[in-house]
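Q: Can you keep this structure in mind? I'll have questions shortly.
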Amino acid sequence: MRIGVYICHCGLNIAGVIDVSALEAMANELEDVVLAREVQFLCSDSGQEGIIKDIKDNKLDRVVVAACSPRLHEKTFRHVMEKAGLNPYLMEMVNIREQCSWVHADDPQMATQKAFDLIRMGVAKARFLRELSATNSKASRNVLIIGGGVAGIEAALNLAEAGFPVTMVEKESTIGGKMALMNEVFPTNDCSICVLAPKMTEVQNHPNITLYTYSEVTDISGSVGKFHVRVKRKPRFVLEDKCKGCVDLCSGVCPVEIENPMNYGIGKTRAIYMPIPQSVPQVVLIDPDHCVGCGLCQLACPAEAVDYEQKPEEIEFEAGAIIVSTGYQLFDASRKKEYGFGKYPDVITNMQLERMLNSAGPTGGRVLVPSTGEPPKSVAFIQCVGSRDKTVGNEYCSRVCCMAALKNSQMVKERYPDTDVTIHYIDIRAAGEMYEEYYTRTQEMGVDFIRGKVAEVYSGEDGRPVVRFENTLESSVEEEAHDLVVLSTGYEPTKAAEGIGRMLNLARRPDRFFASAHPKMRPVDAPVSGVFLAGCASGPKEIQVSIAQGSACASKVMQLLGTGELEADPMGAHVDPDKCIGCRTCVEVCKFGKISIENKKAVVDEVSCYGCGDCSAACPVGAIQMRNFENEQILAQVREATAHKSQCPFIVAFLCNWCSYACADLTGMSRIRYPTNIRVIRTMCSARVNPEFVLEALKGGADGVLVAGCRMDECHYIHGNFDAKKRMDILKEVIKEIGLDPKRLRTLWISAAEGERFSNTINEFVKELEEIGPIGSEFKQECAVPGVEEVTQ
């Protein structure tokens, strides 16, 4: 066996902390390593070409790359292996950046020791790597787009024009999202519906797009290439194929008046109504909660489109890929009770002002004080309502509110030049193209800006709202009465997104929006293969960014499904029939139904296997294994880690690829430090962790073992972490029976976005193990640890 080890400097990202030259020297002494080399940037063209040359010149048959996270560049180096004529799965990546140099910059010596331990573990696994080959399977070219806002519309049209069939599902009765309700859009002040309506109509008329409005996705199963989707179409009580959109005939005779849901509590409509004049589709609907069933609209409809007996409709179809563009919802301003929204009629939200400014809105484009019905002489905007606010659980900036307030203040000044307009802000964030100029223009129009937080809004003696605020530039606390107070409410994830997230096992960020696979390198990829994120589904952003992301998602889908075939990941489960005893344990464990019994032996559908490894951990005889994460490969890593115990307490950690390993990466990207006592072994799912791995680690001398996976109900393999928890809970009892402290085994269920929590857990675990004592101290044994200097020199 001839193994090559490559250690990346990554500029100073690694070499600024770790002694890379020492790593090279130590790696050269390892068994089966015929070449170890340090390189400035391994991912560069020259770095990759160097590896290819070395493989050919030195007849290398295995490669270990010590660099950044495999979640970032594993594919890159697998392509390098292919170019060099080797099987791409004969390469192992070792993470010495995100999980070493970036988190241990305060201890270069132990960071170097840890990096060498990780390289040794990588070499140990590399000895057992096998050649793997991918298989191709047919994929549906149909694309599901969840959400018909501007991001979803852009993605749909891009894909449809490229010949892909698209199914768009929108929960509201019209597509267009929030943009369709706005008056104008910054920084160009274009009429919002004027630029959006043609695209909305194009979606409806495009032969490659199937549109389901007033509908919701109720279930998604399957995987990339063959997602099985179930959609529920809610009854409009109006037949879409018959309705002509002549709303005045039916709505005009309706005796029931209701609040128009599109106007955010301002303005009325009838129980049978058209959401907005430019609705797509141009079909009215009946509000079943308020309709009295008088039958007048049915009598008035010349097309006989009204159908009181209409029932919900279930639709099922397959999709090869999914674009999640679920948008956002506005913060409920009534949660900030000190601002009086819902209590004082003249305190409104920015979106209510948008609807007033819209000529098709409830006031015909006039800004009116709700209590008087007259134009205001004084307007105050209060920024960051529900954003940058720990008291409501939203510490993040909603990114758009500042510019939206600037735009609407301009609109007010243009229509009412004599009206005084004031914006109370913490910081004005105007960082986009033409934004600073827009901010300057707003100032030049006479809008006043007061920096400082608003303490409260209360009703003055004359009934006008009074704003009590701090002015940090004047170092004063002041009060001022206004005719109208506008709250710039922040963005939050939609409630509908919660269900979609559960169906697709999508990770969430601390702000509760969906997390992408990598915030810089893969901003529109979800961690789940075949799923992409567009627009505000992944956080607050401007319209132009949402459009760009919609196009980016479409491009990703075209690349994925362009040939109509998918290359199946070979890292699934496989059965050794000579070992299999036909006990059916794996069949019962596999929640995806990918294992069956044929001729008293387990058989895996390897093309559609999800690759979680739950079955492998459950198999009582080791007959079923996970390719690239086989028992002997992982045990080799465990034994190598514990054979060179360089710290006490010493922790072996098994982290799942999707959440806990990604969380450890994020901890590094955030430069959040934790002790060097941990050695990480990556698995695809926490369910892959065989109790044998834990016992082997403790037997080898590890003082503690951490098994970490996704948060409960958020496992990327649905039930994987539940099974892992059951096994580890049982194993703790076994450890206790052996005579060891069961606290030596710790479990952690964490999202990919909880870096602080991950760091805190490691710190707590180290302290707890220090109190318990070294492994075996329960039997009065001492911990023998060679000096760090002895190991690293």
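Cβ from N, Cα, C; glycine included.
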Q: Can you find which of C536, C553, C619, C648 Swiss-Prot lists as binding [4Fe-4S] cluster 3 at the same site as C580, C583, C586?
A: C619
Q: C243, C246, C250 bind [4Fe-4S] cluster 1 according to Swiss-Prot; which of C194, C291, C294, C301 goes with them?
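A: That [4Fe-4S] cluster 1 site, as Swiss-Prot gives it, pairs C243, C246, C250 with C301.
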Q: Need this for a regression test: binding-site residues A156, P165, C250, filtered to those with Cα within 10 Å of C297 ([4Fe-4S] cluster 2 binding site). What's left?
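A: For C297 ([4Fe-4S] cluster 2 binding site), the binding-site residues whose Cα atoms are within 10 Å come to C250.
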Q: Rank the binding-site residues C294, C301, C580 by how many other Cβ atoms lie within 10 Å of each Cβ and give me the one with the fewest.
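A: Across C294, C301, C580, these binding-site residues, the one with fewest Cβ atoms within 10 Å is C294.
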Q: Excluding C590, C609, C612, C615, please set out which residues of the same chain place their CB within 8 Å of the center of the CB atoms of the [4Fe-4S] cluster 4 site, keeping sequence order.
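A: Neighbours within 8 Å of the Cβ centroid, excluding C590, C609, C612, C615: G572, A573, C586, V589, F592, K594, I595, V604, Y610, G611, G613, D614, S616, Y717.
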Q: Within 8 Å of the Cβ centre of C254, C291, C294, C297, which other residues of the chain have their Cβ, at the recorded [4Fe-4S] cluster 2 site?
A: C250, V253, P255, V256, R270, A271, I272, I286, V292, G293, G295, L296, Q298
Q: Averaging the per-residue pLDDT over the domain '4Fe-4S ferredoxin-type 4' (601-629), what integer do you get?
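A: Per the prediction, mean pLDDT sits at 93 for the domain '4Fe-4S ferredoxin-type 4' (601-629).
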Q: Restricting the comparison to the binding-site residues C291, C583, C586, C609, C612, which residue's C-alpha is spatially nearest the C-alpha of A156 (FAD binding site)?
A: C609
Q: So, in DSSP terms, is M168 (FAD binding site) helix, strand, or coil?
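A: For M168 (FAD binding site) - judged by DSSP and reduced to three states - the answer is strand.
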